[in-house]
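Undergrad: Here it is: the structure, laid out below.
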Amino acid sequence: MIYRYLRPWLFKLEPETAHALTLNCLKWFYCYWLINRRLQRFPQKPTVVFGIEFPNPVGLAAGLDKNGEYMDELLGLGFGFIEVGAVTPKPQPGNSKPRIFRLPQARALINRMGFNNLGVDYLVEQLKRRKVKGIVGVNIGKNLTTPLEKAHEDYQNCFEKLYSYVDYVTINISSPNTPELRQLQSERYLADLLTRLKEDQRRLEDQYHKRVPLFLKIAPDLTPEEIQTIATLALQHRIEGIVATNTSCSRQGTEKLPNANEAGGLSGKPLFPMTLQVVKQLHSFLGDEIPIVAVGGIFSGENAQTLINAGARLVQLYTGLIYEGPELVKNIVEFLTLSRQTREGIN
């Protein structure tokens, strides 16, 4: 409710400034227990996926908390799970500013952040300090200076360092803002990457006596043939989940809007049809063998339910949260809970 009045003021600020201010305000509210009090009244819809019990199926997508500095506060908003990152082995500044652009008429964003983060070692320290229990995953990527032929080393480095502190790890091979990264979605690179990471997973499971699922995050701009190739490799290597989708290079539906020509990945409402199509195609190839996490253009409970009906097991929010505020989480969970009760004939 408060966010409705704050948003016009926040949108007058440069997007990264507004982002930092919002997160710092969230930390202040958390210190005064307002979030904890809100969470006590929050509806729950427990969902078991990948052998993990999620309090509800609505998660936070990677990108909002790149360095894991606000995990307790974000879990306090009522998310069933949060994903931090993307993180790389070494710190890197990302692309030059400005690198986030609003398209309010389309309820969309364009970003070209470029995996800016403080490095995996810093994130591990943040994970050690967190106090709130909850499901936390980490999105991992490669450093800008790492050639594709050695990209697997960056993913393996991050996976090993994070393994004992997280509930799952997402392999990000689909950001449009790191040159050549999306080539890792091709069979040539992906088969080798998955082979190496699954070998590491087996070794680390023996070492830590826990299994950390591996998810794969893919782009919305893939052809059906490319999606089928990825699905086949995911099945062959027994990847535990697929996150669909990342931001898009397309500008469909936004072409004439201010900032639409800025380079970067498009997120928000225009992405929803693409996300839905990819989820449907993935589910047609995977069935129920590999769960799908849907992200992209979710602004309502109806959006979330549509993606679940199409085959997704969980959903994630990002741009919808920026436009609608924290109440969106509660609204979606309530809608999904009522939808299930209606299907089960519960009055």
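Glycine is treated like the rest: Cβ placed from N, Cα and C.
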Undergrad: For the FMN site, Swiss-Prot lists A62, G63, L64, D65, K66, A86, N172, K217, T245, G268, G297, Y318, T319; sort out which one of N24, N139 goes with them.
TA: N139
Undergrad: Can you grab the distance from Y318 (FMN binding site) over to R112 (substrate binding site)? Cα atoms, rounded to a whole Å.
TA: 15
Undergrad: Beyond the listed site residues K66, N111, R112, M113, G114, F115, N172, N177, N246, T247, identify every same-chain residue whose Cβ lies within 8 Å of the center of their Cβ atoms for the substrate site.
TA: G63, A86, G94, S175, P176, T178, G264, G265
Undergrad: Taking just the CA atoms, what is the gap between R112 (substrate binding site) and S175 (active site, nucleophile) in Å?
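TA: Cα of R112 (substrate binding site) to Cα of S175 (active site, nucleophile) measures 9 Å after rounding.
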Undergrad: Any idea of the Cα spread of the substrate site, K66, N111, R112, M113, G114, F115, N172, N177, N246, T247, as a max distance in Å?
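TA: Between the most distant Cα atoms of the substrate site, 16 Å.
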Undergrad: I need the most crowded of these binding-site residues: K66, R112, K217. Count other C-beta atoms within 10 angstroms of each C-beta and give me the top one.
TA: K217
